[in-house]
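Straight from TrEMBL, the features:
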type	residues	note
TRANSMEM	A:6-29	transmembrane segment
TRANSMEM	A:41-57	transmembrane segment
TRANSMEM	A:63-86	transmembrane segment
TRANSMEM	A:190-212	transmembrane segment
TRANSMEM	A:267-285	transmembrane segment
TRANSMEM	A:306-329	transmembrane segment
TRANSMEM	A:335-353	transmembrane segment
TRANSMEM	A:388-407	transmembrane segment
TRANSMEM	A:414-435	transmembrane segment
TRANSMEM	A:458-477	transmembrane segment
TRANSMEM	A:505-527	transmembrane segment
TRANSMEM	A:579-600	transmembrane segment
Amino acid sequence: MGLFAAQLITGLANAAALFLVASGLSLIFGVTRIVNFAHGSLYMLGAYFGVTLMQMLPGGFGFWGSVLLSGLIVGLIGVVIEICVLRPVYRAPELFQLVATFGVILVIQDLTLMIWGADDQIGPRAPGLKSVVRILGEPIPQYDLALIAITPFILLALWWLITKTRIGILVRAATQDRTMVGALGVNQSWLFTGVFFLGSALAGLGGAIQLPKGGADLLMDLNIISAVFVVVVIGGMGSIPGAFVASVLISVLNVFGVAYLPQSTLVLMYVVMAVVLLIRPYGLLGREEKGGEHGQVGEPDRPIRPAGLVGRSLVAALMVALALIPVFGSNFTQVLLTDIIIFCLFAASLQFMLSTGGLVSFGHAAYFGGGAYAAALLVTHAGTPMELAFLFAPFAAGLLAIIFGWFCIRLSGVYFAMLTLAFSQLVWSAAFQWYDVTGGDDGLVNIWPSEWLSGTTTYYYFTLIVGVGGIILLRHLTHTPLGYALRAGRDSDRQAEATGINVKLVQWTGFAVAGALAGLAGGLFVFSKGSIFPNELEIAKSFDALIVVFLGGVKTLSGGVVGAAFMDGVRDWLTRLEYWRLILGLLIIAVVIIAPNGIVGSLRKGAERLGFYRGEFSE
Amino acid sequence: MKHLKTLMAAATAVLAVAGSAQAQESIKIGDINHYKRLAAFAEPYKKGLDLAVQQINDAGGVLGRPLEVISRDDNGKPGDAVKIAEELMTRDGTVMLTGSILSNVGLAISSLAAEKGYIYLAAEPLADALVWESGNPYTFRLRTSTHVQAAMLAEEAAKTDAVRYATIAPNYAYGTAAVAAFKEILTKLKPDVEFVAEQWPALFKIDAGAEVQALEAAKPDAIYNVTFGTDLQKFVREGSTRGLFEGRKVYGLLTGEPEYLDPLGEESPEGWFVTGYPWYGLEDGPGKKFVDEYMAAYPDETPKVGSIVGYMTIQSIAAALTKAGSTDTPALLAAFEDLQVPNTPMGDIMYRGLDNQSTMGAYVGTTAIKDGKGVMVDWEYKNPVPYMPSDEEIKAKRPAE
Amino acid sequence: MTVVLKVENLSKHFGGLRAVNGVTFDVARGELKALIGPNGAGKSTCFNMLMGQLKPSAGRVSLNGEDITGKPPRDIWRRGVGRTFQITGTYQSMTVAENVQMALISHHRKIFAIRPFAHKLYRDEALALLEIVGMADQADRACAILAYGDLKRLELAIALANNPTLLLMDEPTAGMAPKERERLMQLTADIVRDRNISVLFTEHDMDVVFAHAHHIMVLNRGELIADGTAAEVRNNAQVQEVYLGGGTLYAKEDAHA
């Protein structure tokens, strides 16, 4: 009984920081519809500022003053980010802003390293709250009780702000209908800035307030961000009470998970999220998203046509150039190009479902890594010849996509995205934890191609043929009735259903095709690297693909491929420099601002303006 | 501020290398590490590495040529590391590869090394598989493996009358291997021990309060800790606050390393039996000499385990090059066989022909607090060889060559 | 007279609200029939049940004698019911012709075909349909830049793609200028005549209704209060009562002008 109560208290205390960060993210999403990946970075900054301030300001007053001050500073940093980085791209396609926030993550990571150094900083303890209180015989840290006492006040304050003040009314109005706020005569951009300040300040507070239970380190930004997204989604995006309920739910379940199922620590919250979403598709307290929202912000997509003679000639010329690389280029150029082609195929497979089908997946790495693992497992455990194992990669990934897709296509928008993420985390944790089969994070090694394919040049040609073949296949499919049906379902679900198209079946097929082609890329990957590890299934891998699709141009056909080539090329070159993340981050932000339609989309627009390219939109 | 100094120190080192390199074409070594992803551990390694390079070049280099290390960041991704390894070997003209802290990156490079015939000296990765189950003729490893360090702790644990043990380890390959080795060896030494709880927090995402409660609920006599870094900080703080460590012996793998003990400061745990690196306690010999030289080169720094590993990595490579008398891969490969590396900060070591593992040992001792800092006391240096499995067992584990 | 659509006792209840209550009517082949009623009378709910977007609480809908109650929209469409929406739902990213081709592809069950390219499939048929609605000259324009009236006509062409025996048109002229309204309804009337199909439509513009509909039904608070010719409906006492508050039956409703 005592232990149970103590565990409950621990869970509630853990919920405090999580709730602060999650409510900020939820608020920002609710009003601005921006999926702010940099929210974890703001949390990290809150912790670092907290540590620094607490060293300067002594005593209890200094401690709590530092917490508040950290929130304030981080809030102001949020304002700077909003004005400099996000404001220029509000009119870009939905979710495009997440690319910008990804750039912000990289910049903040390197700046933090520059300013505070690499060493982990242990958090100061709260003066006067250093010991324990005995409750039913169990020791409970005083600071835990303080956190439990503070959280309801913050919830109440937010509730008051949102329901009782004019700002709150505007925020709520904006959450439900953004155009309404403009109609009410409110300056929308300042409302967005205000909300960004509040949301960022909450993240900063969260970072500072957790210091006595932890500290500040350079990995905490990415460590918290997935948990925060899970909380926001379980609670319902945009709902503050939802974020509170979900923080408590996740934190408490986690404590009991640790006690009774210690191995569950990796995957528990994703299982909870998947279950919640399957029962309540919009989270516990969320509202249904208005239909037709994604892919429809900004300019509509344009009609597509298979490449004409000029286009085909250019592609053919590029192919010839690539085929001649082994003659003129160095050995390493082939290695690098092999990497790039694989990434291009992976990105193209995501673009097929994302752009053509309007299905935004946050978990596409599950199929890339899934295919790679499928091949590697056959080689390791069954001694399968490479050729057969390679063919198995797209097959297994497609099968995985069929299974997961069946669940995911029931949802839409951000909730669809988060369910794909939950499934990809399940695959990741299986690879990570099922040590006997997958080798855990020591992975599977010595997965090399057969003798006839083993040379760098041979494998380069193999990748060129299979990779480019896969990309062309995806492009071909985009122009077939299936591709058109996917776009029909994306443009108008209602019209498509009313003209006999089984939209869910079409989307399911699109999902499976995208999964299979990602698996093909995974197959190429594993035999080029000779090994596979769970990091190829990580969220970061999924977002790599997502970001290059947006960076290249989500409303184009070749955006993913161009974005991937650009990103991999730039990254290879930049990692030689010490602060490459800072430069890459700034570069991404610059591209986002200069080319809000993505690289390909903006080039096309430029060409239209100059008259090289005739488009009806230039009328 | 601190950063600026680091940068300047690095710049001086580079200039020094560049200066002497003009004389004759340098011998290039490819180094891959997680300089960004695990900056806290990779930076000391780089400093140790640079120091050794500078000393060797000041003394005239190797084979009459200066050494040059090309360091690249892999962002902690095995796939990227493999690409960079190819680039270093085929474009930059390095003669061999070294580096890595994470076991998975080490294993990925090792697999590539065997396939392409590159020599790879794994500096820090701890996984036993690197030299045993997945071992290959092209991969050598400097640092003492997980198995050996766990065995040193298990030996000490077997001397007490504690029988109920609880373990806590990060939920990934290193953690599981460390727990498995400790359990196996302790059970062999003392068959009546009982493992009453096994806790597996996610790496760097520990829920310390909950883990401490779960451990306490199991009422163990002693605890075996494998957590490190920020997980360790949180675990120690919650454990001390809630009285978990009172009256219990704790065995901490790597806990005594300055990387992990320093940030804890005055909150460092007392009385834990740990493996680590008590540089402050060294009084003479090559170990002390290294500490002095390191602190002279980097006035704001104290040596970490990473520093000594980086330093010994370059010493090992220089020794191999000297013995080989050339930079050819076959000659180097032959040189690494039973290679003797004299006068390292941990004494003379050897790369065993049996499994390509060096005989670098480890310090064990008990933690204490001195001047507000965590230190190891009553420490001793242990030769790893007695803690390794028998030659036959290792031969059975290594794939046939 | 052949009955194409037979609706018996159709009801939809949302909690306590009876949005549609026991509605019974027929639509005959070749008939252009209007369903009118004040705002909130239940017209759209009724339509959505006929087309399968909503499941009825009670009642039965049959098409050419076959029970189609509660079937999904795409199954009802396959049985020969076309539909246009109050707010157009065309495919913004496709050309005008492709919008029609998409419906034709679905009609010919070629959705999962992988050859040939979609923009080549059934293009001539699509152009023929566009010719009927007078949109052939805009066939290759992007749908996203069409004028609203053109979108409405395009939707009509799409609705004709599966050779329907019955067309359901929800507020076909909403948001259009008076001249355009007249043109579209004339077009619809011509189609009914030329192809011998049936049309059931809802409409706010009484001029349009009384000028073109063969028969008119009046829905009020979920119940059908009249079903007859224009003259019969005009003289129906209950209908007059319902509409008196909003002026006469002949005046346009300002709110929708």
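Glycine too: its Cβ is placed from the backbone N, Cα and C atoms.
Heads up, TrEMBL stuff is auto-annotated, nobody curated it.
Between the transmembrane segment (A:335-353) and the transmembrane segment (A:505-527), three or more CB pairs separated by 6 or more residues in sequence fall under 8 Å, so the two stretches touch. Sequence-distant contacts of the transmembrane segment (A:388-407), counting only residues of its own chain at least 6 positions beyond either end whose CB sits under 8 Å from a CB of the stretch, comprise 274, 278, 366-368, 370-372, 374-376, 378-379, 419-420, 423, 427, 507-508, 511-520, 522-523, 526-527. Same-chain residues lying 6+ beyond the ends of the transmembrane segment (A:414-435) with a Cβ under 8 Å from its Cβ atoms: 29, 35, 226, 229-230, 233, 237, 263, 266-267, 270-271, 273-274, 277-278, 281-283, 289, 359-366, 369-370, 373, 400, 404, 407-408, 441, 534, 537-539, 542.
For the transmembrane segment (A:190-212), the most Cβ-contacting stretch among A:6-29, A:41-57, A:63-86, A:306-329 is A:63-86 (pairs under 8 Å). Only residues 6 or more beyond the boundaries of the transmembrane segment (A:6-29), in the same chain, are considered here, and those with a CB under 8 A from a CB of the stretch are 35-36, 39-40, 42-43, 135-136, 138-141, 143-145, 147-148, 150-151, 154-155, 158, 171, 195-196, 198-203, 205-207, 209-210, 213, 224, 227-229, 231-232, 235, 237-240, 242-244, 246-248, 250-256, 259, 414. When each of the listed stretches A:458-477, A:505-527, A:579-600 is scored by C-beta pairs under 8 angstroms to the transmembrane segment (A:63-86), A:579-600 comes out highest. For the transmembrane segment (A:41-57), same-chain residues at least 6 beyond its ends with a Cβ under 8 Å from one of its own Cβ atoms are 21, 24, 63, 65-67, 69-71, 73-74, 77-78, 104-105, 108-109, 112, 115-116, 121, 123-124, 200, 203-211, 214-216, 218, 220-221, 224, 228. Ranked by the number of CB pairs under 8 Å to the transmembrane segment (A:458-477), the listed stretches A:306-329, A:505-527, A:579-600 are led by A:505-527. Within the same chain, residues 85, 88-89, 91-93, 96, 99-100, 102-111, 114, 298-299, 547, 550-556, 558-559, 562-563, 566, 570-571 sit at least 6 positions outside the transmembrane segment (A:579-600) and bring their C-beta atoms closer than 8 Å to a C-beta of that stretch. Here the transmembrane segment (A:306-329) has Cβ contacts under 8 Å with residues 337, 457, 460-461, 464, 468, 475, 479 of the same chain, all six or more residues outside its ends.
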